[in-house]
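S.K.: Can you keep this structure in mind? I'll have questions shortly.
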Amino acid sequence: MASHKITLLTGDGIGPEISIVAKKILAALSEKHSITFTIEEKPFGGQAIELTGKPLPEDTLNSCKASDAVLLAAIGDPKYDDLPRDLRPETGLLNLRAGLNLFANIRPIKIRQALISSSSLKSEIIKDVDLVVVRELTGGIYFGQPKGRISTEEAGERAFNTMTYSDYEIDRIAKIAFDLSETRRKKICSIDKANVLEVSQLWRERVIKAQEQYPNIELTHQYVDNAAMQLVREPAQFDVILTSNLFGDIISDEAAMLTGSIGMLPSASLGEDGPGVFEPVHGSAPDIAHKNLANPIAMILSTAMMLRTGLMEYKAATDLENAIDKVLGKGFRTIDLNRDQSNTKLGCREMGDQIIKAINGI
């Protein structure tokens, strides 16, 4: 019997609610597929601030390092916005990524056939969308030095940031994208701004160099402004999108809305070795917390992504994804997906229960 240790970070807002659903689903898959999941819950984000004064306690980080995978629900709350930056929940997430040496964010965007009408775009535009955004996570303008603010008599207040990438940083994220592309349609679109930015010129050079090791992969390039337009005009043209931290932050959120709800989207943050962090794209949604209104499907799909990418439990992952499609195909919806009120509306717990029934063939 396969055995895996998972650190579960339930976090803030709707995090505990969707975590309960994820644990029940793992229990169902454990029984069906003879897999042992040892789940260790640890405080993180605002939850950890309340308990320890820190968003990422050392004990939590150590548990994550000792795990096979980390499953994160959601963090953040406006009540922490006035704290010093290093004590906010979001800084805890940055420190977790740094502590686990995670540099690649993988965000799949797939249109589930039962939800085509939920998208704000026409069905003929989005019906075949199945793409993945591979975003570099630890370099670029968010981390470049120098950065800061200064006051001058001539110009008044002045702020500055530095966008910088090295060969090594580009090469390793490119390898992630090319390896992923080999398991898909063998197409990569690298997004940059090489017409005006030196850092993007280096990015393009290194990505072209990386392709030499993958002659069967079709590589194209788009400037980020054009790519933003193409994602809305013809999103099905994309297979794997490779891009830098800043551009990926923007492009991945735009791509997220192709599905009609951010409550449907999983993601993974990966390094070269060690455990990855698997989490929904959505935030902690404190306005609907504790009301049984949250859509747990992004958390459930993150669990499936963890099973496939982090734990190599391919059959269990496919089983879970098929169960989700089966439930959606029956017309069950959480409130964020029930726009036309023609489907059966479920709460967070009830949606989880229906997916467990589908796993068990009911």
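Using N, Cα and C of the backbone, Cβ positions are placed for all residues, glycine too.
Pulled the feature table from Swiss-Prot, pasting it below:
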type	residues	note
BINDING	Arg97, Arg107, Arg135, Asp225	substrate binding site
SITE	Tyr142	site 'Important for catalysis'
SITE	Lys193	site 'Important for catalysis'
BINDING	Asp225, Asp249, Asp253	Mg(2+) binding site
BINDING	Gly283, Ser284, Ala285, Pro286, Asp287, Ile288, Ala289, His290, Lys291, Asn292, Leu293, Ala294, Asn295	NAD(+) binding site
S.K.: Given the recorded positions Arg107, Arg135, Lys193, and counting only Cβ atoms in the protein chains shown, which has the most within 10 Å of its Cβ?
M.R.: Arg135
S.K.: Let me make sure I understand the span of the substrate site: among Arg97, Arg107, Arg135, Asp225, what is the greatest distance between any two Cα atoms, in Å?
M.R.: 28
S.K.: Compare the C-alpha of Ala285 (NAD(+) binding site) with the C-alpha of each of the recorded positions Arg135, Tyr142, Asp225, Asp253, and give the closest one.
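M.R.: Closest by Cα: Asp253.
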S.K.: What whole-number value in Å do you get for the largest C-alpha pair distance within Gly283, Ser284, Ala285, Pro286, Asp287, Ile288, Ala289, His290, Lys291, Asn292, Leu293, Ala294, Asn295, the residues recorded as binding NAD(+)?
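M.R.: Between the most distant Cα atoms of the NAD(+) site, 16 Å.
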S.K.: Taking DSSP three-state, what's Ala289 (NAD(+) binding site) in: helix, strand or coil?
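M.R.: SS state of Ala289 (NAD(+) binding site) = coil.
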S.K.: Compute the C-alpha separation of Ala289 (NAD(+) binding site) from Arg97 (substrate binding site), stating it in Å without decimals.
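M.R.: Roughly 26 Å, rounded to the nearest whole number.
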S.K.: Within a 10 Å radius around the Cβ, which one of these binding-site residues has the most neighbouring Cβ atoms: Ala285, Ala289, Leu293?
M.R.: Ala285
S.K.: Within 8 Å of the Cβ centroid of the Mg(2+) site residues Asp225, Asp249, Asp253, which other residues of the same chain have their Cβ?
M.R.: Val224, Ala228, Leu246, Phe247, Gly248, Ile250, Ile251, Ser252, Glu254
S.K.: Relative to the Cα of Asp249 (Mg(2+) binding site), which of the recorded positions Arg97, Arg107, Lys193, Gly283, Asn295 has the closest Cα?
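M.R.: Looking at Cα distances from Asp249 (Mg(2+) binding site), the smallest one goes to Arg107.
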